Every structure is written in C-alpha cells, then in structure tokens.
Amino acid sequence: MNRHLLSIDDVSADDIQEIFTTAAEMHDVQRRQVKKLPALRGRTVINLFFEDSTRTRSSFEIAGKWLSADVINLSAKGSSASKGESLRDTVLTVTAMGIDGLVVRHSASGAAEQISRWIDVPVINAGDGTHEHPTQALLDGYTLTRRLGSLEGRHVAIVGDLTHSRVFRSNVKSLTKLGATVTAVAPPTLMPAGVGDWSKTAGFATAYDLDEVLPQADAVMMLRVQRERMSGGFFPTAREYTVGYGLTRERLAVLEPGTPILHPGPMNRGLEISADAADALDSVVLDQVSAGVAVRMSVLYHLLAGEETSA
Amino acid sequence: MSILIKGATLPGGTTTDVLVQDGTIAELGAISAKADQTIDADGLRLLPGLVDLHTHLREPGREDAETVLTGSRAAAVGGYTAVLAMANTNPVTDTGEAAERVHDLGRAAGLVDVQPVGAVTKGLAGQELAEIGLMARSRARVRVFSDDGRCVHDPRVMRRALEYVKAFGGVVSQHSQDPSLAGPSACCHEGELSGRLGLPGWPGVAEEVIVARDVMLARHTGSRVHVAHVSTAGSVEVVRWAKAQGIDVTAEVTPHHLLLTTDLLSGYDPTYKVNPPLRPDEDVQALREALADGTIDAVATDHAPHARHDKEHAFVDAAFGMLGLETALPVVTTVMVESGLLDWAGVARTMSTRPAEIAGLEGHGRPIAVGEPANLTLVDPAAQVVVDRAASVSLSRNNPWHDRKLTGRVIATLLRGTPTVLEGAIA
Ligand SMILES: [Zn+2]
C-alpha cells in the first residue's frame, strides 16, 4: 500500500481487498459496547478541512477515536488565502505541531497531492475539489461487496453530475479494479471533458439514456446534483433533470428486487432521487454511512499503525 | 569605445568580423584594426538583439517578484535588447505618466530598452478606453496596447480601441480568452486530462472565437490587431486565413507553448500553470509549423515572474505564469533550429525583426549592416545547458525549464554598442 491515500490510484485491487477485510473486523467492533481499539494509541491525527463537511469530518473523527488516536479537527476555511498565507505555509504550520497523519479536505482538485509533497506524514484525501474522494469510493465498494458478494462482472450504473463529482472519479477507478462493469450516465453537459478518451483507457462505458441502462444494472449509484449547477446552464430545469435522470418511482420499479441503491449524501429528495427510492428497502444509504466509519478505521490503521510516532 | 567581434556567423550564414564603434556597426569584413575590446566569436552566431513583445516586469506593485531592474537583467542574459512591459502592474499602466514612469525605470536600469505597453481600458476593467492617446504622445511613445491578463471582451470596446490606435499607428495586442467559455477558474486545457483531474477546463475554442472575432473587427476597422500567446491549432488556422484575406493581423507564440504539453499538469504542479494553458501535442505541432511558415510572426516570452508563495497554493488558486526571458533562445534553438524547422535567419526574424516591427520600435530588429545601431546578441548554437532555476537573475523561481537540457546559449548582448552581457553573465 502507498504511504498516502490521495487517489484510488494509490491502492491496488489487493490493497482494496485488504482494506475491506480489516474494515469488516472494524465493523464488528462498532457493534460492541466498548468500541475502542488500541491500534493508534498515542498517535495524533489532524482533520484539516478547508471545506465544510460535517459528515465526512465526523466519520474520520469517530474512526480515529475508536482506534484510540488523538483526533484534532481544524477548520482552515478561508484562512490561508485571506491572510495572505500560502497553502504550504498553512499546512507546514499545522504539521509542525507534531502529528502522525493528516486527513485533508479541500475545495481544489489536487490539493491533497500537493500537500503530500510538502510534509512527511501520511496524507489521506477526504475529498479534493472535483477530483477524488477515495475513502467514499472504498466505503461504496465495501457496501456493495457486502450486499452483492464479489463485484466481478457486476454492472454498476453511476448516474448524475459526473463533471463535478469526485465520488464518481474515485468510484469509477475502484469499481473497475474490483472487477465491476461501470456505466456512467449523465446528460452531455454533465459529462467530464474528454470522457470519450478517458472512458476507453479507464474501461468504463458512458450513456445519455438512463432508461436503457437501468434494466441491466446490478447496482445504482445516484450522485448529488448541486443546486447551484442549475443556474450554470448545465440543464434547463430541475423538473427536466428529474424526468431524464432522476431515480423516480417509475424507474425504481424497473430495477430487479435486491438492486442496491447508493447515494453519497446529502440527498436532494425529489431531484436526483425520489423519496420512494431513498427509503426503499434496497436503499443502502445508511449502510454507506456506517460502513464509512469502518472503512476509514481500516484506512487509518493501514496507513498509520505501522508508522513511527513523531516525538 | 570600440568592440571587435572576430569571426561571427551572421543569421544568413556568412562569417565576418564586426567592428562596433560608438554604438553603431562601423565595419564588416576581415578587420585588422585594433579595438578597445575583442570578442572571439568563432563558431558563434551574431543576431540582431532580441525583442520581446510580452514581458511582465511586476514594477510597480510587486517588486518582490520582479523589478524593472531584475527583469532587465533577465532580459539581457536572455539576449534581449528591448522588451515590452505589460500594463497589468499595480497601478496599471493606463496613463501617460504611468507609461513614462516605466520607461524611465528602464532607462535607469540601462540594460535593455523597456518599452511600456499601455492598457486598452482603464484599470484593465474592459469598460472605458484608457488614455491611449496620451500614452502614445508621452515620452514613452507607447504603440502597443493590451489588457493582457484579461481579454478585451466587449466587442464594442475592442472595435473602438482598434479604431482609436489608427491615429498613431498603434496596435492592440489581445489576450484572447472568452471569459464565459473559459470560466473564472479555468486553469487547464479542457480535454481528457482536465476531465480526469477535475480541473476547470480552458477550452481552445475560448481562444479561437476571440481571435476570429478580432480579425473580423480588424478587417472592419482597417486596423491592426496582434494576437498574444496563440496556443491552439484552431487559432493558427484563423490567423492563416485572415492573413490570406489581407487582414492586418500578427501573432506571437511563447517558448513554452512550443515545447511543453498539458500532460505536465498531471501532478498538479503550479509551476506549469500558465494562461493560456499548456495544450496537447497536436496544438504544439501546429504552432511550430505556423512559426516556421510565418503565420505566427514572433516568439514572445510572456515572462511572468511570481514570488514563491504565490505559486504555493492549490493548483486552481496559484498564480498563472512562468519565467521565460532567460530561456527563450535555448528553447527556440532546441525546438525550432535543431529540428530544422527554422534556420538562424528565421530566428532573427521571429525573435527580433518582426517583434520590433510589430511594436514600432526604432533601432531594434535591424539588419546587421554598417551604420545600424549595435543592438546585438551573440549565441553559441551548439552549447548544451541544463537549466538551473537557482542560477536565474530574475527575482522569481517559477521556472518550468528547471533540470531540462536545452541547446543554445547567449554568450554576449550589446545594447547600442555597450556590452550588457559577456561570457553569459551581466557585464
Ligand atoms: Zn496574456
């Protein structure tokens, strides 16, 4: 396993399986009354969030604490540029306090990778702009594996705002590494630039018509549509989006029973996902949340447990 | 003061001695006369002093990144005898006084002629014309106007600017970037890589639509437009077409767009963040061919020094730009001369003669002939140099060529007969 988790590129298919195996053990711990494991006792992990995300931050915080690490949350939102400080300065200041791992969230693509070049502790990317969100992809893959068994030959449809989705970019890599077939579905305006070339080398399919894809899907991953995208001219109206790409009640009926429905949250009920789909028996949205803690415990364990504690 | 340059090869290929006296080329041929100073130019090329149409000097406003003096040093080391200093300083060069200040700072530095570029619009805001006429009439004699860094996007403002500069033979140098097609944080060529990296795309068409519009406006107004830092094959096609129509358009290309490609962005290194962005290989090839066949008139550096901390941000937040003055000639030698696309006459044309003509700079870009001002650059065409960013005389270190091996080295630069550079270092 690489020293950092910046992208799904940093983990092989074997690494992912190992992360899942450990995550399953961690998952069992969650059901215990005493949830603490001593694995990271004496280690300090900083959650450095340049962009708000209560959900991801809490998930990392709980994961660290259940492994007995000291977890410190730092919100650096707007602090660096507005004070004239460079990102490098901000990060060096934080790490100079003596830490063992850095979980970083940033609104800019590539920020985690850049940061990893400036410091010498493991960096975990908790979402960088529209680039990647590797732990989200791992928890999605873990959730799907628990539901479907092996993903080898399974067909996953990823639907929605692909252009702006780091969840998509990480998942398309991890799911194909796990042997799944992926079809990315979106209107042309929400397809990433150059997706034609990219999909060929990365081995996934693209489609504009959700209704053609759904009957063949073994799992459906709905992506959040950012409300502000609607004024960006990516699609005419919310209504039109829902008709074309929403997981409506009618589309829900097309799915084979037992087809897991994923959503990274927070959901826009009534836009990309209907209430029926969100609350359906096959919706695994809450499983994703609980798997998130287990998978992040596993990632922290694999990246930090072997590391020497800094003085 | 006299200097005898022994055995230099001129751009056209003839080898000769050159006697420089009192700032002027006094004699060519086999010269036995004694001079105050003799430079052995055996195996070296003598070019007219290079002229850069596109330099950012950062003074006033960001003297921590570059000053007129340090930028002049970098220019001289790069073989330049004249540079056009872009207007996007703080304050902006949008008045006669501001232009004279830059001009005078250049004079005081005394290493290259620093010719200010005037802003097209007040404060580069794109709304109202700046004091174009007063800048033209000032001591600085401004002839090139540009809002570079920003595109003059309003077609009506662009039209009026093109009309207005006709009064004194001026030219509008356009930073062609439709701000709506390339969004506010556009920083990566829009394509497979930007899609994969999740970086905001800067599509080639955002440049091409402005180039196309501007050549039509130039035709309509009968005026002169210059396309700054052309970066795409599509823009080249438009310029080629416009020239064939007799439209008065000229274009420049940067050394980095002639050699570096967009895949360098895969590691999110802001050193390679430049505006317009590095493009794919197809564009690079088209730019080389267009420079060779004269569709693109000139090589211009877009030398854009930045303090280290302005580059040490997340990629989308980091400053645009890279250094260029000291490495332009080696890059052109490596890319264009070694490949046989351009001979040394072509180098002289694209890096000196045409830029001087476009900018209306007298005394620069002149043939190497008796009676001409001795603005000269002596180049070792075979020298192999590994670029070291620490060795730069610029105040900044945002050097995309660091650790690259390039062919060609500037040995000496003479400004009106006075060496500014000897043995590759400031004299
Ligand atoms: Zn520009």
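Glycine is no exception: its Cβ is also placed from the backbone N, Cα and C atoms.
Listed features, source TrEMBL:
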- B:46-233: domain 'Dihydroorotase catalytic' (DOMAIN)
- B:His54, B:His56, B:Asp148, B:Asp302: Zn(2+) 1 binding site (BINDING)
- B:His56, B:Leu57, B:Arg58, B:Asn88, B:Asn275, B:His306, B:Phe320, B:Gly321: substrate binding site (BINDING)
- B:Asp148, B:His175, B:His229: Zn(2+) 2 binding site (BINDING)
- B:265-417: domain 'Amidohydrolase-related' (DOMAIN)
- B:Asp302: active site (ACT_SITE)
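Within the set of binding-site residues (B:His56, B:His175), the lowest number of other Cβ atoms found within 10 Å of a Cβ is recorded at B:His175. B:His54 (Zn(2+) 1 binding site) is 11 Å away from B:Asn88 (substrate binding site) when you measure Cα to Cα. Residues B:His56, B:Leu57, B:Arg58, B:Asn88, B:Asn275, B:His306, B:Phe320, B:Gly321, recorded as contacting substrate, have a largest CA-CA distance of 16 Å. The Cα of B:Leu57 (substrate binding site) lies closest to that of B:Asp302, out of the binding-site residues B:Asp148, B:His175, B:His229, B:Asp302. Around the Cβ of B:Asp302 (Zn(2+) 1 binding site), the same chain contributes B:His54, B:Thr55, B:His56, B:Ala228, B:His229, B:Thr254, B:His256, B:Val274, B:Gly321, B:Met322, B:Gly324, each under 8 angstroms and 6 or more positions distant in sequence. If you measure from the Cα atom of B:Asn275 (substrate binding site) to that of B:His175 (Zn(2+) 2 binding site), you get 9 Å. Long-range C-beta contacts of B:Arg58 (substrate binding site), restricted to its own chain and to partners at least six residues apart, with a cutoff below 8 Å, comprise B:Ala65, B:Glu66, B:Thr67, B:Gly71, B:Thr89, B:Pro305. Same-chain residues that are not part of B:His54, B:His56, B:Asp148, B:Asp302 yet have a Cβ within 8 Å of the Cβ center of the Zn(2+) 1 site turn out to be B:Thr55, B:Met86, B:Gly149, B:Ala228, B:His229, B:Ala300, B:Thr301, B:His303, B:Ala304.
Cβ environment of B:Phe320 (substrate binding site): B:Cys187, B:Lys273, B:Val274, B:Asn275, B:Ala304 lie under 8 Å away, each six or more residues apart in the same chain. Among the binding-site residues B:Arg58, B:Asp148, B:His175, B:Gly321, the residues whose Cβ lies under 6 Å from any atom of ligand 1 are, in sequence order, B:Asp148, B:His175. Taking the domain 'Amidohydrolase-related' (B:265-417) as a whole, pLDDT averages 97 in the prediction. A strand conformation is recorded for B:His54 (Zn(2+) 1 binding site) in the three-state DSSP classification. Residues near B:His306 (substrate binding site) in space but far in sequence (CB under 8 A, at least 6 apart, same chain), listed by position: B:Ala65, B:Ala319, B:Gly321, B:Ser396, B:Asn398. It is 5 Å from the Cα atom of B:Asp148 (Zn(2+) 1 binding site) to that of B:His175 (Zn(2+) 2 binding site). Other than the site residues B:Asp148, B:His175, B:His229, same-chain residues with C-beta atoms no more than 8 angstroms from the centre of those residues' C-beta atoms, the Zn(2+) 2 site, are B:His54, B:Met86, B:Ser146, B:Gly149, B:Ser173, B:Gln174, B:Ser176, B:Gln177, B:Ala228, B:Asn275, B:Pro276, B:Asp302.
Each of the binding-site residues B:His54, B:Leu57, B:Gly321 was scored by how many other Cβ atoms lie within 10 Å of its Cβ, and the smallest score goes to B:Gly321.
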